[in-house]
Amino acid sequence: MKPLIIIVGPTAVGKTALGVALAQALQGEIISGDSVQVYRKLDIGSAKPTLAEQGNIPHYLLDALEPAEPFTVAQFQTLANQAIQDIQSRGKVPIVVGGTGLYIRSLIDPFQFAEHGSESIRSFWTAFLSEQGKEALHQELAKRDPLSAQRLHPNDTVRIIRALEMCQLTGKPFSETRGNQDLNYPPLPPSTLYVGLTAPREIIYERINRRCEQMVAAGLIEETHNLIKEGYSPKLKPLQSIGYRHALLYLYGKVTLPEMMRIFQRDTRHFAKRQLTWFRRDPRVVWYDTYSGNLTNILESLIGTCSGMESRVE
């Protein structure tokens with residue numbers, strides 16, 4: 001069986017380029033592990049690889065959904081596993097590329113999700129928020145999970161609803177479940193290579209600042225405006241992701257363009273820091289520095305590792 005390769009790391013570190021180069025070298029196909037790139041019409045703000053950047057490599061879970069369609073970790077787990085099996089059945093190498101931490105954990109660890117009930121629970125708490133307000137929602141979490149309530153600000157309603165949902169699905173406080181998932185890292189199968197890309201923080205931040213400027217220059221604000229003109233609600237989850245929510249602030253006159261750029265860059269840097277914290281917690285990740293080691297050297301190292309893995313598995 002062909003190995004499974006997973007490439008993770010913070011935004012702007014070079015995951016896409018390495019994934020495509022590796023796929024070209026190993027006869028691989030790519031599965032996106034990104035929670036926003038899965039949506040059609042959200043291209044610039046999600047840093048979705050263009051057709052040219054995809055390098056004639058088949059990509060899965062890009063442009064799979066309309067912006068108004070919900071997409072859960074459980075759905076990702078199912079669809080990504082189906083893609084992995086399909087790719088391996090044809091003698092190709094599946095390569096998962098992405099920075100959404102829980103998506104990646106759902107593939108390599110035995111996370112089990114309730115097949116029914118999650119959407120109805122979320123709908124209940126969303127309606128509760130509309131009727132009772134965010135303070136009341138936060139109080140409900142405090143009753144069930146004081147630690148999570150302490151950690152989450154009342155304004156962070158998306159995460160509060162997620163915590164309440166997990167409390168009901170698991171029967172345990174989300175803080176307890178979260179802690180167990182963070183600390184429990186079972187050994188990877190011998191056919192799985194878990195690669196992390198990093199760089200010095202100042203280099204990552206410099207790349208992020210430049211990328212944010214490039215996104216705005218490429219039409220991020222216009223892309224967001226077109227989605228609103230097409231009738232999509234600004235409250236949709238993908239439109240509340242980094243980049244799109246900042247463009248909305250500008251479009252609705254809440255901030256000037258320079259202020260939008262400043263907070264867009266700041267929030268993206270904070271997001272990258274959280275991504276690094278998440279992935280560095282996992283001792284199974286094999287790290288490569290994209291600043292001190294160029295792409296060719298990293299690529300050669302990974303090709304050698306994969307060849308050795310394939311020999312052992314066979």
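Cβ coordinates come from backbone N, Cα and C, glycine included.
Take the CB of P10 (ATP binding site) and look out to 10 A: across all protein chains shown you find 27 other CB atoms. P10 (ATP binding site) falls within neither a helix nor a strand when secondary structure is assigned with DSSP, and so counts as coil. Among the features that Swiss-Prot reports, ATP binding site is placed at G9, P10, T11, A12, V13, G14, K15, T16, with the record citing sequence analysis.
As annotated by Swiss-Prot, substrate binding site applies to T11, A12, V13, G14, K15, T16. Cβ environment of T16 (ATP binding site): A47, P49, E53, V97 lie under 8 Å away, each six or more residues apart in the same chain. T16 (ATP binding site) falls within a helix when secondary structure is assigned with DSSP.
Sequence-distant contacts of the region 'Interaction with substrate tRNA' (34-37) (same chain, at least 6 residues past either end, Cβ-Cβ under 8 Å): 45-48, 61-62, 71, 76, 97-100, 103, 238, 241. Look at Swiss-Prot and you will find 34-37 tagged as region 'Interaction with substrate tRNA'.
Feature annotation from Swiss-Prot assigns site 'Interaction with substrate tRNA' to T100 (among others). In three-state terms derived from DSSP, T100 (site 'Interaction with substrate tRNA') belongs to neither a helical nor a strand segment and is classed as coil.
Look at Swiss-Prot and you will find R122 (among others) tagged as site 'Interaction with substrate tRNA'. In three-state terms derived from DSSP, R122 (site 'Interaction with substrate tRNA') belongs to a helical segment.
Burial estimate for the binding-site residues (A12, V13): highest at V13, by number of other CB atoms within 10 Å. Listed in sequence order, the binding-site residues from G9, P10, G14 having a Cα within 10 Å of the Cα of T100 (site 'Interaction with substrate tRNA') are G9, P10. Close to R122 (site 'Interaction with substrate tRNA') in the fold, though at least 6 residues off in sequence, lie I161, E165, each with a CB less than 8 Å from its CB.
The substrate site is set by T11, A12, V13, G14, K15, T16; from the centre of their CB atoms, other residues of the chain with a CB within 8 Å are G9, P10, A17, A47, G99, L197, R207.
Taking the binding-site residues G9, G14 in turn and counting surrounding C-beta atoms within 10 angstroms, the largest count is reached at G9.
Same-chain residues that are not part of G9, P10, T11, A12, V13, G14, K15, T16 yet have a Cβ within 8 Å of the Cβ center of the ATP site turn out to be G99, L197, T290.
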